[in-house]
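Asker: Positions annotated as transmembrane segment by TrEMBL: 65-85, 97-118, 163-181, 193-210, 250-269, 281-311, 331-352, 379-401, 472-497, 503-524, 536-556, 562-581. According to TrEMBL, the domain 'Cationic amino acid transporter C-terminal' annotation covers 534-584.
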Amino acid sequence: MLRQALRRFGQKLVRRPTLKEPVAKDDPQRSLNTLDLVARVVGRTVGIGVYILAGEVARNQAGPSIVICFLVAGLSSVLAGLCYAEVSARVPHSDSTYLYSFVTIGELWAFITGWTLILSHVGDKAIVARACILAFDNLRGNKISQTLRESISPHVPRVLTEYVDIFVVGLVFLLIEFRNLRYVWSFPVTKMATLVKLLVLSFVIISGFIKGDLHNWKLTEEDYAMAGLNDTSSLGPLGSGGFVPFGFEGILRGTATCFYAFIGFSSIFEKVEEARNPQHSIPMGIVISLFICFLVYFGVSAALTLMVPYYKLRHGSTLPQALLHIGWDPAYYFLAFAFLCIVSARLLGFMFPIRRVLHGMGQDGLLFPVLEGIRSRPFILIMTTVILSIITAIMAVFFGLTDLLDLRSVGSLIPHSLVATSILILRYQPEAKEGENESEVLEENGHIVERLTLQGLLFPGSPTPTPLSGRVVHVCSALLALLLILLCLVLAQWPVLLSGDPVWISVVVVLLVLITGLTGVIWRQPQSSSPLYFKVPALPLLPLLSIFMNVCLMVQMTAATWALFAVWMLIGFAIYFAYGIQYSLVSNSA
């Protein structure tokens, strides 16, 4: 009885819905080409991050080696993007990662993905609000703020000029009311805005290579002493100088934060049903857009650290400050204005991505059904907007920018890892005929008695996936995920490993042997031959590499980030196991 109860409980956690037919390939709704998709991704990805990340990471975490951080973070995003491309081929619907997880790996993981995405989107707006605060703080002491204060102070209350921070946070509440403005933006306007943004950043890159000094990548203690910094024998937070002043640990920590710069690529999957040729445009759009974003981030961070010594970078609008540092005052004014415009624009459409996730989870019964009306009932939308806006304002005031960036990155790294895991599992599952569900596949193959043997594990007798081979991959994938987490936690103690401690080295060797063996077992299993317009190459290595890189970045996050995330997930699990697991739409339709 207990075994059957546990089995039924486990089956509830992996229930999957059946989707309606996608938009036909010749439907007029499919009007977007590869250029449109690239413009969308680049426009969503290259934004506020390029203004705040470079200074934040270079000053406190990586120094000039921030260019390496962007390279590694970009590679991790490419691996995740390829996995997403195959999922979009299997689930050709325009939606978020929540739907992909629900359809591919089941209900519990879909809830985890959706609940994480809600926190991730709220944290994203908190980052924008925090960036506004930092930008205004930097403007307080320069000529623009002085001129504005002298001209408007006699006409406005003193509190408006002394406590700008609070009013900037209040700006969130004002601008979210214009959320519908984004719907009137056509793709020609989007492409034009993206082009202007790239031209402005190209100017910054060219300026950096013209006015930059390569010596800023080779700073020494003498340079710190000449700059008037005290205690140069123990530089402390300044690092040790050179191109990698904070060492390998600084590169790892900086890479985890820089991952925020590339999370916008998933917006391409909101337009799958509008792409003319998704089998070509989706993978190409991902690769091209991420390559463009990497070049921009690489160029801007290199230019910034060449123009200004990393220890002189300030929080907030570092790019305008860099132009002021080299004496280009007119360019400073222009870039400061552009920065504030981009930051303000990011506040528009505050509820759109969250509304998509809340509507889907409410419609599926995983959250309270009242949320299903968030699209059609103004009162529900207003109340949800106010509650989430209050949370956003609180996070912007009480959390540092680095903590918010890490929280946003965790909110993307976990869904990326789940998508990679789903690719690893689905490719080795038995094929279902049209109109046939998973239980019918198992019934149909029930008359075939399969026994697990060592020879059958390494040399399967069937050229096509069977229920047994599918279960083998399921188990091996779960064990691999656990082993990769353990390996990343051990590798995080790399100073101990470099010291030659035999115990830690033995643990790493054992983990690597187990990971290699399980990977070999998965590799030997027969793959599905179902035709897809895109498949991840080099299975199972590429999804496993994506999971490994994602977990490596996650273990670099601060304890405060994980504490906040743990509290949010505990609230989510309480809702799911008390309500969602009983009233799920999949459960009621079963």
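Backbone N, Cα and C atoms are what each Cβ position is placed from, and that goes for glycine too.
Tell me about the surroundings of these features in the structure.
Answerer: For the transmembrane segment (97-118), same-chain residues at least 6 beyond its ends with a Cβ under 8 Å from one of its own Cβ atoms are 12-17, 19, 84, 87-88, 90-91, 266, 269, 353-354, 357-358, 360-361, 364, 366, 410-411, 414-415, 418-419, 421-422, 425-426, 568-569, 572, 576, 580-581, 584, 586.
Long-range neighbours of the transmembrane segment (193-210) within the same chain, counting only residues 6 or more positions beyond its ends whose Cβ lies under 8 Å from a Cβ of the stretch, are 39, 42-43, 46-47, 50, 292, 296, 299-300, 302-304, 306-307, 319, 322-323, 326, 328, 331, 335, 338, 342.
Residues of the same chain lying 6 or more positions beyond the ends of the transmembrane segment (281-311) and with a Cβ under 8 Å from any Cβ of it are 32-34, 37-38, 41-42, 45-46, 49-50, 53-55, 57-59, 63-64, 66-67, 70-71, 74, 77-78, 81-82, 84-85, 88-89, 198, 201-202, 204-209, 211-214, 216-217, 219, 223-224, 227, 229, 238-239, 245, 258, 261-262, 265, 268-269, 272, 275, 318-319, 321-323, 325-326, 534.
Counting only same-chain residues 6+ beyond the ends of the transmembrane segment (472-497), those with a CB under 8 A from a CB of the stretch are 248-249, 417, 421, 424-425, 428-429, 452, 457, 504-505, 507-508, 511-512, 514-515, 518-519, 521-522, 525, 544, 547-548, 551-552, 554-556.
Residues of the same chain lying 6 or more positions beyond the ends of the transmembrane segment (503-524) and with a Cβ under 8 Å from any Cβ of it are 424, 428, 457-460, 472-473, 476-477, 479-480, 483-484, 486-487, 490-491, 493, 496-497, 539-541, 544.
According to DSSP, the domain 'Cationic amino acid transporter C-terminal' (534-584) comprises 39 helix, 0 strand, 12 coil.
Below 8 angstroms of C-beta separation, residues 72-73, 75-76, 79-80, 82-83, 85-86, 252-253, 255-256, 259, 409-410, 413-414, 416-417, 420-421, 423-424, 427, 480-481, 484-485, 487-489, 491-492, 519, 522-523, 527 of the same chain, each at least six residues beyond the ends of the transmembrane segment (536-556), sit close to that stretch.
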